[in-house]
Amino acid sequence: MSETHLTQQKFADLPLCDEVKQALNENGFEHCTPIQALSLPVLLEKKDIAGQAQTGTGKTLAFLVATFNHLLTTPVPEHRQLNQPRAIVMAPTRELAIQIAKDATLLSKHSGLKVGIVYGGEGYEAQRKVLDKGVDVLIGTTGRIIDYVRQGVINLGAIQAVVLDEADRMFDLGFIKDIRFLFNRMPGAKERLNMLFSATLSMKVQELAYDHMNDPVKVEIAPEEKTSRNIKEEIFYPSMEDKLKLLHSLIEEDWPEKAIVFANTKYQCENLWASLEADGHRVGLLTGDVPQKKRLKILEQFTQSELDILVATDVAARGLHISDVSHVYNYDLPDDCEDYVHRIGRTGRAGQKGVSVSFACEEYALNLPAIEDYIKHSIPVTSYDRDALIDIPPPVKIHRKPHAGGRNLRDRNGSPRPSGSHRSGSGRPPRHDRTRRHS
């Protein structure tokens, strides 16, 4: 992480218990990010927090450190039962819950506290077996948590710490009734440490906070700009005929280390995956129709750089925490201005440079004025040479499984690529040496 995203505040100087400090030290966490430096002193005084912070600011570590420290310094509730967790973390998506659980497991190493995760889509009985053994910190999506609560597998009567992550997304996805259902089955707000984090502290989010929290302190780490200066933005105006060829051509020219391609519909995402797969790219598809086990496998492959490109819808990508994304391609301009910010925010994180490429086609160009008004700047326009667009092969059938082998380095004619022409660690030339960009 770049030092520009850290403060002078050291975790070692905070009044944290030794078990938490040891875990932080072993995982290389020395200095706090701004949201950690502002929120942890408040939380360590056992005061509630309503925090405004974007994804990638370190908020997950902030609330996990506070949660573990609180449980380790607070007596266990008298007569606590095996099915009663002491802390609960609610997340809007399975992928976000999984990421939080991974981070929590690292912090729990020396604490003696057990972490459990529950989410819909798979593993109902396996998750239940873990809960039956008892967990201290429960992390999950609200729907699956409610299922277990209603069956008596989980009882929330001993909750001492609550985290509601990405509260604004909870509203977007219609989960607020679920959240209120769970809050109403916990001890009163004054009997627990309450933490809420959201990209925006809208009136509805603040109302939720004040309804179920104990006079929370508002902590805001709002970026001065909607989009990071680390992200180079550009926009093309392709014809519908050129649009797919342009995407292929730019990917071949940029040869991104790790890229996400966004489209507005599942149908379009499937078409893009089929086309990129046919061209030999290592590409994964992430939509709401992809089974959960396959989703997790695709995310693991993308995170481990076994896949280079991920094609996704906005809903499927919400809550994903993937580092080192070099490029974001907006094949369709989103209808929601905030989605544009969320999309391109996948790159340029933690001080790294990123590239965002958007297409303003005939169908979605009308979305551009609202987006530029929202981000308060114009997106630089880049033209392209139609004659330089590469030919693309017919798409594979949608039902075909993603290619599991190495990246296909063949040229357009299907012959092997010359050994000296592919990219290596740095300074690697593009697949074709004709540039398509014309400033």
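Heads up, the Cβ atoms here are built off N, Cα and C, so glycines get one too.
Just so it is clear, the model here is predicted, and its values are computed rather than measured.
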From the ranges 5-8, 93-96, 165-168, 393-396, pick the one that Swiss-Prot records as motif 'DEAD box'.
165-168
With helix taken as DSSP H, G or I, strand as E or B and everything else coil, how many residues of the motif 'DEAD box' (165-168) land in each class?
2 helix, 0 strand, 2 coil
Checking distant contacts: for the motif 'Q motif' (9-37), what same-chain residues at least six beyond its ends satisfy Cβ-Cβ under 8 A?
1, 3, 44, 51, 53, 57-59, 61-62, 65, 68-69, 72-73, 106-112, 219, 221
